[in-house]
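Asker: Sharing a structure with you now.
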Amino acid sequence: MAEPPERDPFPEFRLDSDAGATFALESKGKWWHAGFHLTTAIVGPTILTLPYAFRGLGWGLGFLCLTVLGCVTFYSYYLMSKVLEHCEKAGRRHIRFRELAADVLGVGIGAILLAGECLKIMYENLSPNGSLKLYEFIAMVTVVMIVLSQLPSFHSLRHINFASLILCLGYTFLMVGACINAGLSKNAPPRDYSLDPSGSSRVFSAFTSISIIAAIFGNGILPEIQATLAPPATGKMVKGLLMCYTVAFLTFYSAAVSGYWVFGNKSNSNILKSLMPDEGPSLAPTIVLGLAVVFVLLQLLAIGLVYSQVAYEIMEKQSADVKQGMFSKRNLIPRLILRSLYVIFCGFMAAMLPFFGDISGVVGAIGFIPLDFILPMLLYNTTYKPSRSTLTYWINLSIIIVFTGVGIMGSFSSIRKLVLDANKFKLFSSDVVD
């Protein structure tokens, strides 16, 4: 008598019944496509906040934190890719963090907010007495994002994300050149690298800065990116990570050093604004700053698209019918409506709460530190079960313990700064609060 078929213990990971995975995360990509996606997810305009993060740490601790967090996140993502490869070999592809990646909503909101601020910067330089407000520029960006959001899958973004890689190199080098020019000019601002004289404030500022740097390195969508690779994915993700981190270290260090060198503890949460002070002449040629702002704006659209794929996949798992085509009326209409509503929500939140500098710290501490510094170590130790006598086990355990503490302190200090800055907050303000 034939034995009954074995029940699938992981039905939630079967792709033949998951429209979200089949459509939004179709697996056709090469390793360099993963590199493009990873670079867009990690190397974005948030690097313009690195000089701002350094002002809470100083030169020595700033370099140390940037290096340590970079190395730990690379190691973390490497372990996560190995866990995902192990699951694929076992016959099941874990393709998303699900609710654990809910913090990517903050990234989508931040991308729209920064893009709106870029438009506002250009507008104010062209029309200094203009009447348009920040929320109106955010509305313009939201309309563009609604159109772009209809690109059906993560894989369909590969060309956009290659352009994003070129753009991030472009505006970083423009910004570095602008900072060097500003630092050597007769209008160079006075440099002060001193930290807060109060011991407690210095500690809180340091942990807030660490949280901001963690958010800059953060990538809550690595499983989704790995899911876009054509199987087998073995080894492909590591090549993509190497491409991404080559670009990351090149841009992160140059942006942090040049910006903090010029502005010190007066660095703005968007270094481009420091180069265009409210009082006095611009500290760099207008054409250079204008081109950098355009590059930033264009890449922010790509970043918003990349991080929105998580939400689209979750929505389409419930709303789409995998048995019908991706462009069938049955799937096209719900996709159009739901994606548009999601982008409108992000745009509304960006316009209502323009507190990007403080939000970056909170998102880094509460979202990215657990997701990128703790969870991969736990999953690796649970999946591969390394012996307690091995170095890998103790490295992973040490990272878990250290970054649990950093996450708790970072959360407290970031929320503290949010509370202290509360009197500066105004709903639908025309200025982004640092």
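Even glycines carry a Cβ here, placed using N, Cα and C.
All annotation found in TrEMBL is predicted automatically rather than curated by experts.
Sharing the features that TrEMBL gives for it:
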type: DOMAIN; residues: 28-411; note: domain 'Amino acid transporter transmembrane'
type: TRANSMEM; residues: 34-54; note: transmembrane segment
type: TRANSMEM; residues: 60-79; note: transmembrane segment
type: TRANSMEM; residues: 100-122; note: transmembrane segment
type: TRANSMEM; residues: 134-151; note: transmembrane segment
type: TRANSMEM; residues: 163-184; note: transmembrane segment
type: TRANSMEM; residues: 204-222; note: transmembrane segment
type: TRANSMEM; residues: 242-263; note: transmembrane segment
type: TRANSMEM; residues: 283-307; note: transmembrane segment
type: TRANSMEM; residues: 336-356; note: transmembrane segment
type: TRANSMEM; residues: 362-381; note: transmembrane segment
type: TRANSMEM; residues: 393-415; note: transmembrane segment
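I'd like to know what surrounds each of these features in this structure.
Answerer: Nonlocal intrachain contacts for the transmembrane segment (34-54), taken as residues 6+ away from its ends with a CB within less than 8 angstroms of a stretch CB, comprise 62, 66, 110-111, 114, 154, 157-158, 161-162, 164-165, 168, 171-172, 175, 209, 212-213, 215-219, 221-222, 225-226, 228-229, 236-237, 239-244, 247-248, 251-252, 255-256, 258-260, 263, 267-272, 274, 296, 299-300, 302-303, 306-307, 357, 360, 434.
Listed as Cβ neighbours of the transmembrane segment (242-263) (distance under 8 Å, sequence separation of 6 or more from its ends, same chain) are residues 32, 35, 38-39, 42-43, 47-48, 50-51, 53-55, 59, 62, 66, 70, 74, 165, 168-169, 172-173, 175-176, 179-180, 182-183, 188-189, 191, 193, 216-217, 271, 274, 283.
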Asker: To the transmembrane segment (283-307), which of 60-79, 134-151, 163-184, 336-356, 393-415 is linked by the most Cβ pairs under 8 Å?
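Answerer: Against the transmembrane segment (283-307), the leading stretch is 163-184.
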Asker: Same-chain Cβ contacts of the transmembrane segment (60-79) under 8 Å, 6 or more residues past its ends?
Answerer: 50, 53-54, 206, 209-210, 213-214, 217-219, 222, 238, 241, 245, 248-249, 252-253, 256, 260, 372-373, 376-377, 379-380, 396, 399, 403
